[in-house]
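According to Swiss-Prot, the feature active site, charge relay system maps to Lys88, Ser163. Sequence annotations record features per position, and here Swiss-Prot assigns active site, acyl-ester intermediate to Ser187.
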Amino acid sequence: MTELKNELIRHSAADLAAKLASREVTAVEVTQAHLDRIADVDGQVNAFLHVNSEEALAVAAEVDAARAAGGSAAEELHALAGVPIAVKDLIVTIGQPTTAGSKILEGWHSPYDATVVKKLRAAKMPILGKTNLDEFAMGSSTEHSAYGPTRNPWDLDRIPGGSGGGSAAAVAAFEAPLALGTDTGGSIRQPGAVTGTVGVKPTYGAVSRYGAIAMASSLDQIGPVSRTVLDSALLQEVIGGHDPFDSTSLTDPFNDLVAAARVGNVAGMKIGIVKELHGEGYQAGVENRFNESLQLLKDAGAEIVEVSCPNLKYALGAYYLIMPSEVSSNLAKFDGVRFGMRVLPKDGPMTIERVMGATRAAGFGDEVKRRIILGTYALSAGYYDAYYGSAQKVRTLIQRDFDAAFAKADVLISPTAPTTAFKLGEKLDDPLAMYLNDVATIPANLAGIPGLSLPGGLADEDGLPVGIQLLAPARQDARLYRVGAVLESILEEKWGGPILAQAPDLKTAVLGAVSTTAGGSN
């Protein structure tokens, strides 16, 4: 049985779906295998903030009962019914706490489900639990979580990326075949790059944001985390579609993603190298894997062209004015009055202003406070036009740069992150160094275009995963899945299998970490 469980957790979501449909395995067996894996390794990885065993197994049992009954009950099941999934703890769920990685929401339970969660429930996908993140999704390493950092399954002393390091680590550690994340400046794609997983930021508005606790509303986007490009396509088709509860939701159906992932060729497609998104400042091992991917795509029949987006050099600066400005506004609701923690001032008059001040001082971490201060300043009278207004003008220029680039290429390509995963604590006291991790991912959020990161191999210097990023015009998410699936297939042929097959045995790593800790305490 142990061998069966170990085999089950390593299957892709698509493979699990096929095995479930043929009744080769049961949904309860699949779900229990992943719950057992969480119990075995998550004490060291810390990918999950909450595990929902009882509900997940109950949903799995419903799926098994429907398949056993046959007839219409079985026919009406979604293709992914019974395939378990993890959800980033920024997305609200009935019956489970939603903390946003913050002390200010510790123990809070939402009275409603996010739209994407409703869709998971409708598809009867067992929700394993809620994953760790940087507080309110503000960070690039998951070290800013109030509940401790998540560790990278490739090396437990390294970061798993952020803000959605919990979702990426859960998938990389085989604790879940699929996960949901949110991406405001790279929070799905950058963790994907450093953990060897696939992360997708859909077109802005392609997936409803209703029920995702807002960080920066004009930038936030929910998207899939998986181990294969096809799995991400399958999940995006589940969670996508128009939602009247989200005023920015698109009416486009986006129902051609799985078909695109199965096309199997890139012959005749033009793939543009973004001049400003590689080269100086990028780790040599990252550049080497990037150049290999370019050659492989060229060998597969794609035409490689170079494009320039000159205003991308201003993207980081514009982002760190727009994003904190929206953070300042969105986080004003967390005041200790209606929900979340409440801290009373120790002395003096008990006014609502003083209660709010005491609550926010105690409930928010340093990074959240830093961004609220930056945003409040940027929006203040006398500075609005100089900072926020100017940043929005730069955003328009970046959008125009992408329009021009896509007139020359079907898809753009770059490294996802400038380096591989760095050591825990290495950049925690240097905000600028931390912010630079998202230099290649931020532009897609500013422009509202879709982006996909897939594993591009291992860096020569440290043997850690490198991510390759693909970008497409708005509403053309299918192009990402077509090119991504082909590149993934070619790379896996080169490696002799999926990149995660080369990851260290996590159980051995965990046992080693436990032994080291025990030895150090003597």
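Here the Cβ of each residue, glycine as well, is placed from N, Cα and C on the backbone.
Recorded features from Swiss-Prot, shown on the structure.
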| residue | record | CB count, 10 Å |
| --- | --- | --- |
| Lys88 | active site, charge relay system | 31 |
| Ser163 | active site, charge relay system | 36 |
| Ser187 | active site, acyl-ester intermediate | 36 |
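Ser163 (active site, charge relay system) is 10 Å away from Lys88 (active site, charge relay system) when you measure Cα to Cα. Annotated pair the residue listed as 'active site, acyl-ester intermediate' and Ser163 (active site, charge relay system), C-alpha to C-alpha distance, rounded: 5 Å.
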